[in-house]
Structures are given as structure tokens and as C-alpha cells.
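Q: Annotations per TrEMBL:
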type     : residues : note
TRANSMEM : 20-41    : transmembrane segment
TRANSMEM : 78-100   : transmembrane segment
TRANSMEM : 109-134  : transmembrane segment
TRANSMEM : 140-159  : transmembrane segment
TRANSMEM : 171-193  : transmembrane segment
TRANSMEM : 199-220  : transmembrane segment
Amino acid sequence: SSSDVAVMVDTGAIRTVIGVIGNVISFCLFMSPVPTFISIWKSKSVQNFKPDPYIATILNCGMWSIYGMPFVTEDNTLVVTINGFGFFLEIFYALIFFVYSTWSKRRKIILIFLGELVFLAVVIFLIMTFLHSAKQRKVIVGPICIVFNILMYFAPLTVMRQVIRTKSVKYMPFLLSFANFANGVIWTTYALLKWDPFIVIPNGIGTVSGLVQLILYAMYYRTTKWDEEIDSV
């Protein structure tokens, strides 16, 4: 009926708006390490910063870009746009790490990066060669995306442990924790409007992870000694 069509159009429009907001929040999340890289560039050294989160995010964004393609899922252009942007931005971050790292670290970065590109190429080759419908491809690509996304959301666990141990939130930036939480909420809502468990599951977990970080921030903000150096874990 026409009312059913109107509801579908409304839901589609709301989902698009939420997807656009999700793109903006994810963009801010991807841009948040810029001060770190300015610091690396100015000192011509990677100091004690680790490339791991950026290298891990390359693979995560690459898989989600594949997931959002029309040959895997329909009507997910906004998933492709932000993850495509993230994919190339994280490569740029990894490149800065590469330039200012020692040779042993450079070798590690190259090996992991090449491994990731081979993995993405193999996934595309296998799903396009052996799976002949988008439905079949979604069932394979979706769970892989969930695994990588959960690993990315679990990355701050070491920082949370440090906060509890030191009763200090000095090294857990509030804006990053808040952006993580908002990102999880927005993409969970986006996937609930047109049910997609492969987006709901990891972002639901991300929402909880971000919420725990905000709770820890509220709990330990008053006990934080901002001018003292704290040994990292």
C-alpha cells in the first residue's frame, strides 16, 4: 500500500541522514591522530608511538569497503565512502611511521602491510570466483568484518587497564573516548533501521566499550594528577 511505501521511504531517508552523521563522526575519529603525526614529523622520530592501531585499521577499513560494495551488499554507499577514505588515510599514517622509523620497524610495517593487501586481494578473488550471489558473499565477508572491527574496538583495553591501575585518565583522551561511543551508537542505529547484524554486532560492542571508557573517565577524573608523568603499561 502507499502508506507502507511512505514508511519505507521515511526509514530510508532517516537511515541516509544517520549514515551521513556516521560519516562525519567516523571522519573525526580518523582525523584524531593528526596531532600525534605532527609531533612525529616535527621531531623526525616515532618516539614511543606504535604503528599497530593504524596498520590494523587499514585492514578493517579495507574489509568494510568490500562489504559495502554493491556486489556484496546493496544500499551501503555510506559504508564504502567513509571506509574508503579511512583506508587511504591509514595508509598515509603508516607511511609517516615508515619514514621516521628504524629499519627493523620498517621491515615489520612493510611485511604486515603487504600481508594485508594480499589478504584483501585473496578475499575479493575468492568471493567473486566461487560465490555467485550477493547474499552468499555477504555471509562470508560480514563475519570477517565483525572480527576485525571487534579487534579494533578492543585496542583501548590496555589503556583502560592503565586508567584503573593508576587511577588516572591522563593518557585516555576524553574526545577520543566520546567519539568512539558516538560512532558506535550512530552505526548501530544505522544498521537497526535496515536490519544488518554484521554492522549491529561490532558497533554494539563498540558502544559498550566507549561507554565503559566514559564511565572510567568520570570515576578517575578527580584522582588524575595532570602534571605527573605516569609509566605506560
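Every residue, even glycine, has its Cβ placed from backbone N, Cα and C.
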Q: What else in the chain is close to the transmembrane segment (109-134), if you only count residues 6 or more beyond its ends and a Cβ gap under 8 Å?
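A: Residues 51, 55, 58-59, 62-63, 66, 70-74, 91, 94, 97-98, 101, 140-141, 144.
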Q: What residues in the same chain, six or more past the boundaries of the transmembrane segment (140-159), come closer than 8 Å to it by Cβ-Cβ distance?
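A: Residues packing against the transmembrane segment (140-159) from afar: 52-53, 56-57, 59-60, 63-64, 66-67, 72, 123, 127, 131, 171-172, 177, 180, 184, 197-198, 201-203, 205-206, 209, 213, 233.
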